[in-house]
Amino acid sequence: AGTFGHLSDSFLGRKGSLTVVCILNAIFGCLTVLSPDYWTYCLLRFITGFSTGGVGLCAFVLATEPIGPKKRGAAGMSTFYFFSCGIALLSGIAYVFRSWRELYIASSIPSMLFLVGVLPFISESPRWYLVRGKIDEAMKLMRAIAKANKKHLPDGVILALDEEVNENLNDGPSCKDQMDTKDVITGSLIDVVKSPVTRIRLFLAVAINFLCSVVYYGISLNVVNLQTNLYLSVFLNGVAEMPAFTITALLLDKFARKPLAIGTQWFSGIFCLMGSLVMIHGEWKVARMVCVILGIFGMAGTYNLLFIYMAELFPTVVRNAALVCGAQAAQMGAIWRLVVVLGGGFPSGLCGLCILGGILAFYLPETPNRPLYDTMAGMEGGESV
């Protein structure tokens, strides 16, 4: 995630990084089936995981950056249906292909299909073109978007970075001349930490991602301890997330990001607490499964809302890098929570983590109906106004 997040913000771009990770995922996923011993298997799974870690971030940013503020929440949430569909579909694929070698081939095919059937028809992000100084490419893409929407960009319209909005370009060279000679603008996590506007946002987002991941994977991995059909449990976990995306998307514009981030975490915390109090014997198994599904329901809303929230909290030059920090924190939470598989009981402490995550969300700023800033200077100037 860290490697491809940096490459996506820099010279490779969103689409270029997505292409590379899909190629690596397909190649090393298929090579895994040829593993002659355990350590070769581990190496190939490590490389496959290395590529997989960049897929979700690159795809999400590429899908949401061209969207305006009014539809950004709904569009961002819609991307996660495919993630849940993949989980539900995986349970069926694993049921059919009981051999791990066959399963790895089957799970690598989607990357191949994506490379051939989808990527050729995807355009690069116009925001990435803009911050990289490729104004002509960005304008061509904007005209193509306008044409597809049966609109027309007036002659003389150009793209400008947000930090230039308040500058009086009429006093100097023409706008067109300035656009043609624009330098590449770059940023890094060092810039995020240095800026008083983004520093606290980053620390809070990383902490909330870590806590949410512990809860999310704590509940998901706990299905092996429920003494129910494993394939059915995984399928229900995937399906349970989909209504959460729909409801969250519908409520995004009405209640904004912060109230939803708080409410969904506390909702999940209530059912984590109830699940820890329910016995696992007899008919109580069903009640515990209901608590698990509702806990997943609430946390799925939070977990994916954070992607949209973080994309709006940071400018284009460091957007992927900031999202990467959240993703890395989430993966650390997932690793830490693996102990649940060996624990046997429902992790009652997840309730407290949900409450803590909701409290931390109180300190994040609201972002709906605000522009996606392009540069650090543009964000600092815009936020100060």
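Placed from the backbone N, Cα and C atoms, the Cβ positions cover glycine too.
Computed from a predicted structure; not experimentally measured.
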Here TrEMBL annotates transmembrane segment, and of 46-67, 310-331 the range meant is 46-67
For the transmembrane segment (103-122) and the transmembrane segment (16-34), check the count of CB pairs under 8 Å (sequence separation 6 or more) and say whether it reaches 3 or more.
yes
Other same-chain positions with a Cβ less than 8 Å from the transmembrane segment (231-252) and lying at least 6 residues past its termini are 73-74, 77-78, 80-81, 83-92, 94-95, 219-220, 223, 260, 264, 289, 292-294, 296-298, 300-301, 304-305, 308, 368
Rounded mean pLDDT within the domain 'Major facilitator superfamily (MFS) profile' (1-369) lands at 82
Same-chain residues at least 6 beyond the ends of the transmembrane segment (46-67) with a Cβ under 8 Å from one of its Cβ atoms are 1, 3-5, 8, 14-15, 17-18, 20-22, 24-25, 28-29, 32, 75-76, 79, 83, 122, 124-128, 145, 307-308, 311, 316, 319-320, 323-324, 327, 331, 372
